[in-house]
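Step one of this worksheet: look at the structure below.
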Amino acid sequence: MISYPFFSLSPPGLVPPPMAVPPVEMYSGSFWNRMRKPLPLRTQVIRFTVVFVIVSFILAVALQITHERMPDPKVTKPLPDLGFELLTKVPGMYVLADCCIGFLNILSVFTAFKLYLLHRHCVGSGEPELPCNIPGVSRFFLSVWLCKENCRIELRNVHTIAWIRFITSYALLLLFRSVVIVMTSLPAPDDLCQDPPKIENPVKNVILTVLTAGGGSIHCGDLMYSGHTVILTLHLMFHWIYGAMVHWSFRPVVTVVAIFGYYCIVASRFHYTDDVLVAIYLTIATFIAVGHNADGAPWQLQLFIRWLPCCGANSREMTEDSQPVMVAFKSEELDEMNGVLEGRQKKHGGVGDGEALMFKCGAYV
């Protein structure tokens with residue numbers, strides 16, 4: 001058992017204060033040490049969103065190339081697929097997959113807003129108010145939701161960090177997909193691409209692909225791996241980690257919706273089963289690799305946005321409001337505090353939401 005001279009309160013447990021080393025010492029020295037200095041979270045949000053838009057255009061061009069390179073359906077038949085043999089073909093089920101994605105998009109926006117309210121409560125800003133108070137509606141949308149059993153993450157800036165993690169994972173997956181679909185052309189299994197239409201205006205088709213997320217454009221042959229599965233799995237991972245902090249029911253609901261979406265994709269012959277399985281694995285692995293960090297995205301990814309001449313500053317302003325203040329306790333004082341909390345829990349059946357939220361924000365005052 002490692003014994004530290006002092007501790008700080010932190011959601012994962014007792015750890016040495018991360019700000020024990022001054023920022024100047026932490027990032028001074030060699031060129032690479034300076035490059036590892038984290039960018040401001042607001043800068044990361046803006047720049048990674050710009051990068052995502054650029055990647056979307058790259059993918060749109062890749063879809064254009066893939067459409068032209070797709071094997072002739074009259075000559076090359078679809079590949080054998082065990083999923084096609086096990087699941088009965090139901091034409092048009094891909095529409096329900098799009099509905100699942102739309103539902104999860106709305107739920108993710110709602111969850112992100114609830115995370116923002118948790119952040120406001122953590123820093124002491126309180127709940128916002130609507131110009132006109134509507135009974136029930138204001139309480140539902142503007143009240144703070146916190147599932148204490150599933151909350152193991154620092155609440156300050158949690159909404160910003162969650163968005164950075166989501167958008168960087170999505171951009172990485174789409175960029176890799178742009179390479180994969182161009183490299184190997186597979187015969188299309190769905191009915192819509194058995195007689196693929198000719199693209200008359202490539203530029204217009206690329207723009208429509210970006211604006212409608214592929215829904216209003218022409219593209220066939222983009223099989224390995226499934227873009228629909230990527231966004232379904234991203235929403236699944238987002239709610240499995242962050243949605244569970246807001247309400248326990250988000251995990252089972254999103255899991256059922258995502259699995260139904262996978263079924264719709266295979267049953268409609270929109271993608272091969274391998275397209276779905278590979279997309280699930282890559283999305284989960286990427287989301288875990290990006291991780292949740294108080295500094296935002298991993299420093300290796302931040303290197304790609306440092307060169308942008310706009311959209312935010314490259315250095316953090318060390319102000320009193322932005323600098324976390326660590327609350328340190330000696331081990332004897334910490335044991336005494338734990339005893340007091342245990343006594344309250346036995347006497348009153350638990351601690352209040354305010355106290356629980358205070359200890360989730362315990363690293364800040």
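In case you wondered, yes, glycine gets a Cβ from its N, Cα and C as well.
Keep in mind that this is a model prediction, so the values were computed, not measured.
Considering the side of the membrane named for each residue in Swiss-Prot, HIS119 and VAL203 do not coincide. A simple Cβ count within 10 Å picks out one of the active-site residues HIS228, HIS271 as the most packed, and that one is HIS271. For the pair formed by HIS271 (active site) and HIS228 (active site), distance between Cα atoms is given as 9 Å, rounded to the nearest Å. Its own atom aside, the Cβ of ASP275 (active site) has 24 Cβ atoms within 10 angstroms in the protein chains shown. No contact links the transmembrane segment (45-65) to the transmembrane segment (230-250), because fewer than 3 Cβ pairs that are 6 or more residues apart lie under 8 A.
Stretch with the most C-beta contacts under 8 angstroms to the transmembrane segment (93-113), considering only 166-186, 230-250, 252-272: 252-272.
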